[in-house]
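Visitor: The structure under discussion is supplied below as structure tokens; questions concerning it will follow.
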Amino acid sequence: MKNKAFGQIMDDAENPGFFKILRSADLSSEIMRGIPLNFIKSISEEELSAKMLLKVSWGSSWPIKICRNPSFYFMEKKGWDQFLSDNGLGNDEFLTFTHQGNMCFTVDIYQIDGKELLTPRRSATIASSSGRNKREQRNNIYKDVKEEEDIESWSESSYPGHKTAESTGRRQRLSLSNKKAKETEKSKKKKMKVESISYDSQDDSLSLVPEFTLTIKKSYLIFLGIPKMFEELHMPTEATMFKIHDPEGKRSWDVMYKFSNNQTRFCAGWIRLAKELGLEIGDVCTFTLIKPTEMLVRVSK
């Protein structure tokens with residue numbers, strides 16, 4: 001049976017379109033990215049050969065390549081995931097796509113409470129106590145968040161075993177200081193290998209299970225920055241959907257992992273996880289990588 005939440009057509013003679021409901025379990029599937037056949041029939045072959053442009057009410061836009069399988073047309077995964085990630089989507093939002101011509105679509109976003117999203121979602125978290133305009137506030141908060149994450153990603157609390165690995169790496173650097181320059185790369189690889197191992201003092205053994213620990217701050221209730229060291233050692237180098245489980249195995253959440261040169265983070269779907277776990281500022285969260293794209297989260301209040 002066809003899921004009626006995905007890609008249904010909106011009948012308008014002048015501006016045809018379609019809608020989608022963003023179910024977290026299917027955010028990146030071909031079905032979710034699909035374009036209704038009845039809508040495709042109203043588009044010329046020439047238009048279909050071009051990229052489609054998704055434009056939201058505050059002016060931002062995303063070009064997305066159109067792909068095809070034997071059954072239907074759909075949006076390319078990379079561009080679609082970028083659109084979801086940049087707008088923090090993935091919590092049962094209702095989206096309408098209205099065709100304005102030349103494969104340019106106006107996208108209207110309605111939150112789960114029915115309210116239309118008219119400004120970037122993350123701007124709602126910016127403090128309004130000063131007289132600065134919204135753009136200045138948004139730029140400043142992201143600058144502060146990035147600085148906090150850069151500091152925390154290298155702190156001992158951000159990565160179990162980091163203190164031990166750091167001291168071991170320091171001894172290695174001292175012992176290699178008199179060696180030739182051609183051995184530098186080899187020593188870096190050895191240091192990286194040592195730092196990827198965390199020490200478990202309780203059973204006096206080495207644990208190879210990758211994990212990191214973060215203390216929840218205000219920004220982490222919106223999206224979660226991944227510590228730089230952990231990201232370099234264990235995380236994928238492209239946007240990927242992760243499944244995060246609670247310790248009891250009764251609940252799990254699909255969360256979008258966004259990769260870039262400047263910052264890597266969990267975004268679309270993270271707000272829902274934070275709400276349902278009841279995360280608060282000051283909580284300590286430990287994330288254990290149990291599969292390449294699955295994690296276990298433990299929360300200490």
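Numbering starts at 1 and runs along the chain as it is shown here.
Here the Cβ of each residue, glycine as well, is placed from N, Cα and C on the backbone.
Note that the structure is predicted; figures quoted are calculated from it, not measured.
As annotated by Swiss-Prot, DNA-binding region applies to 18-113, 209-301, with the evidence given as sequence analysis. Feature annotation from Swiss-Prot assigns compositional bias 'Basic and acidic residues' to 133-142. As annotated by Swiss-Prot, region 'Disordered' applies to 123-142, 153-194.
In the displayed structure, how are the listed features positioned relative to their neighbours?
Guide: Along the DNA-binding region (209-301), the predicted structure has mean pLDDT 88.
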Visitor: Could you give me three numbers for the DNA-binding region (18-113), the DSSP helix, strand and coil residue counts?
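Guide: Counting residues by DSSP class gives 25 helix, 34 strand, 37 coil.
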Visitor: Tell me the residue counts in helix, strand and coil for the DNA-binding region (209-301), as DSSP assigns them.
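Guide: Each residue of the DNA-binding region (209-301) counted once, the result is 19 helix, 37 strand, 37 coil.
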